[in-house]
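**Q** A single structure is presented below for examination.
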Amino acid sequence: MLSSVCPSGPEPVLLFANRIDIRQVLPHRSEYTLLLNNLENAIALDFHHSKELVFWSDVTLDRIMRANLNGSNVEEVVSTGLESPGGLAIDWIHDKLYWTDSGTSRIEVANLDGTHRKVLLWENLEKPRAIALHPMEGTIYWTDWGNTPRIEYSSMDGSNRRIIADTHLFWPNGLTIDYAGHRMYWVDAKHHVIERADLDGRNRKAVISLPHPFAITVFEDSLYWTDWHTKSINSANKFTGKNQEIIRNKLHFPMDIHTLHPQRQPAGKNRCGANNGGCTHLCLPNSKDYTCACPTGFRLDKFLLFARRMDIRRISFDTEDLSDDVIPLADVRSAVALDWDSKDDYVYWTDVSTDSISRAKWDGSGQKVVVDTSLESPAGLAIDWVTNKLYWTDAGTDRIEVSNTDGTMRTVLIWENLDRPRDIVVDPVGGFMYWTDWGVSPKIERAGMDASSRLVIISSNLTWPNGLAIDYESQRLYWADAGMKTIEYANLDGSERKVLIGSNLPHPFGLTLYGERIYWTDWQAKSIQSADRRTGQARETLQDNLENLMDIHVFHRHRPTGTESASPPWGALNSPRLLLECAPIPPACISIAVAHFDSDRPSTNLMLSSWVCACVYWSDSTLRKISRAALDGSQYEDIITTGLLTTDGLAVDAIGRKVYWTDTGTNRIEVGNLDGSMRKVLVWQNLDSPRAIALYHEMGYMYWTDWGENAKLERSGMDGSGRLVLISNNLGWPNGLAVDKAGSQLLWADAHTERIEAADLNGANRHTLLSPVQHPYGLTLLDSYIYWTDWQTRSIHRADKDTGANVILVRANLPGLMDIQAVDRTRQLGFNKCSIRNGGCSHLCLPHPAGFSCACPTGIQLKSDEQTCDPSPETYLLFSSRGSIRRISLDTNDHTDVHVPVPELNNVISLDYDSVDGKIYYTDVFLDVIRRADLNGSSMETVIGHGLKTTDGLAVDWVARNLYWTDTGRNTIEVARLDGSCRKVLINNSLDEPRAIAAFPKKGYLFWTDWGHIAKIERANLDGSERKILINTDLGWPNGLTLDYDTRRSVQEWE
């Protein structure tokens, strides 16, 4: 059969998604290059040839991305409201992006940058998958995987929709249009076939039978497709199905595929013309002309607002389709409760995964966390729009709290006799708040908004009272009960209770009122429904097939303000109970640290605090850092941000101006200045989960507990010398530790033995003060008392420090209790042994029982004068770890890795060191740059900042002052001067994923590894000449490469 088209233009390139990367392959030469890597789950893709852009969808990140065709300038295009975007198509004539989403059951359109997004088709769609465009004809074609598999088309404005194939289909995956042949081709993975038909669905015919085809493209007389079963790209004649060839096999997971060639995007008439058809927003072509369209929900005078755990959405009442769009918010993990304030156009929400309350404008701008401390399960939220207050319930802490809408002036309103409070609503004009309680005795209560006049108004025939809503016009309270499966209402005092809806309510959750309608979400029905608020009749379903529905509200601008009254009917609009009187820090006080619990161990570990010179210090084992701030919360700064794993113990030497900490993850005890500088590992041997730490500067001792297999309590000098085990028997989980200087005794809490014990400072005269204590954690002393935190009782307790008698409860209902510290500002600080000229030490001066000793930061040896330190180690290892560059000194025995504080590290792969100038050179494949910096992290500068894709290997020629690198993305080896000048491509032929590289300046050789189809190790002269393969057998992924310059072994080690 004769060819239907004549080849013209450049050689075609097959562009395909491979889940973790996007690659290109030449069909007739099998040349295989990387375009984009480090992707999560790239499925669908398309390109815009004239703009040199590639677009792809990621179904793990639920994002649509784009980049230049050279792999640069990666950016998000659509980042919200996606669930499973499996199909993608570019209108190269009208510059529009179309996509399918089988999760939301929609087809959407937007500009190429993601703006002016619109839901185009949503009715009678089940699982839309592949999509293809014919912009010259103004039509869209798509496949649907649903219960009735089919192929459909419509105009590109969504009109004139029609089914063109709905028989003998099961999993119609890929779809492509042969523009020259006026046909479409599709693959069906279940029926293992490629079929074709005319563009109206007639003359349907099977072309090829296959194992598991996924995506398909056409070019000239050939079809190209990806196959999941064979992990390959294949081709065949499009007319006969014969001449089948394997273009490339052994792929990771081939997904979508396109032919990158101008013939695949032929020129055509732009129906919208140069002025966007006169449309203010979207101009969408159809088969004859075009249609002006507005983005979904663009007119937003009033809209329905609802939470879906992972996102917050809105449905505009001003649009015909009532389709929802996602408010573009960041880091929404488990949104439950919502409310809004039309005065500033803010939306507020609670997140029970991050345990926070946040707000943002309804367009997603101005996002800010309002409250993020001491929350456990904030399930209810209400805005007082008259006095600008924020109310919330917390089912974890069993509290109702209030603050200003920005989170300031926070106070607990109600904490007694609450048992899982759920929803809350406020009536600022009437002066009351109402809430539901899910506890053992379910009920609905009300109180003044200052917590006065509390009253149970409904207490019978309740199971799981969820959503609440107030009808301000009729003065009624509505609620939904998921256990009773009803929506009911009563007067605001609980009288005249009636069932509004008592049938077909599987699991109602959120509830709201607007106009004459009541709206609710239903977990089980997965829908948003409405009914007449007075009769419960005229029920409608606004949206269905929506998972994880939570709270619901109607945003509008007509809330009652009460300004028509001469004065509010309550006296607490400016109640003094809502104001916090601030006083100076008392001379003696208790500081506690709080975290959140998943099980017996904390998951978010704000672990410990110590006080010095009006600052509080704490460690956070989730964020892996040590921080400090002034007592009023100002002057916050992180002082240690690297090299921490589980910092369970912290102690401040207020006299010597040092901070000490234990790390259960690294099994080290370290010290540093109060600002985190001059950090040093003090103890690292024979540690097995060190926990609490306490200091006695005047005596020069530090004490610590160890939770390891053989639990113990140890002591050493504050410089790590004179280490001694004090107690090693009958210990389980020794948590809190405190030194009683006045009583010359050591006290500790053990959560396993359930005791608080004491002993002399040398470990003698051990005795039990208190037993049993349920699960003690933190321990401190103040005057003649000990104070401790208890995980199980969630309380702070106090007892006499000498006898353990007179136990009292200081504070209850404190979830997530961790460490506790007492501060007595009247007590004078002792004498600093290092006060005179820092003891003559150049760096650290550390006390011990006989005086003090000078010490150097980790990895640096003290000089023979025992006072001064070198600026850096003599011999050390340098290594990269994605987001960090570190060194390990070989001069000292601890072999601790120290982070080199180079800024802006994202994904560092390769590095080398120039010993002449003392510079580190490294590649960052996230930024696609080569940079250099001094060994102390300063003077960072970009050496090569453009034209890079994946620079996996780097080598410094310290003699000729040149820099060599491999680029796996471009399959090149390049060279430049150390400052980036005089750049030159050295080798660019017969390279297939070059990786590691090493230079031997004295011999004039360059060595490198290649990961490609045939793995090998090669050598050339430093100018690229006399290239030679050294090894090409028994290699898999040759990674690391180094040279032994002494024995002159060309390649000593590879992986």
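Backbone N, Cα and C define each Cβ position, glycine as well.
What TrEMBL lists as domain 'EGF-like' is 271-304, 833-870. Here TrEMBL flags 95-137, 138-181, 182-209, 345-387, 431-474, 475-517, 657-699, 700-743, 744-785, 918-960, 961-1003, 1004-1047 (among others) as repeat 'LDL-receptor class B'.
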**Q** Tally of helix, strand and coil residues over the repeat 'LDL-receptor class B' (182-209) according to DSSP?
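**A** Reading the DSSP string over the repeat 'LDL-receptor class B' (182-209) gives 0 helix, 17 strand, 11 coil.
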**Q** Mean pLDDT for the repeat 'LDL-receptor class B' (182-209), rounded to an integer?
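**A** Its mean pLDDT is 92.
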**Q** Against which stretches of its own chain does the repeat 'LDL-receptor class B' (345-387) lie, if we need a Cβ under 8 Å and a gap of at least six residues from its ends?
**A** 80, 300, 303, 305, 307, 312, 314, 327-339, 393-397, 403, 405-407, 410, 421-426, 428-429, 433, 435-436, 449, 551, 555, 559, 561-562, 568, 573-574, 578, 594, 596, 604, 815-816
**Q** In the repeat 'LDL-receptor class B' (95-137), how many residues does DSSP assign to helix, to strand and to coil?
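**A** Secondary-structure composition of the repeat 'LDL-receptor class B' (95-137): 0 helix, 23 strand, 20 coil.
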**Q** Do you know the DSSP helix, strand and coil residue counts for the repeat 'LDL-receptor class B' (657-699)?
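**A** Secondary-structure breakdown of the repeat 'LDL-receptor class B' (657-699): 0 helix, 23 strand, 20 coil.
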**Q** Who are the long-range neighbours of the domain 'EGF-like' (271-304) in its own chain, taking Cβ under 8 Å and residues 6 or more past its ends?
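**A** Sequence-distant neighbours of the domain 'EGF-like' (271-304): 91, 93-94, 96, 109, 111, 115-120, 135, 137-139, 155-160, 314-319, 321, 323-325, 362, 514, 519, 528, 542, 552-557.
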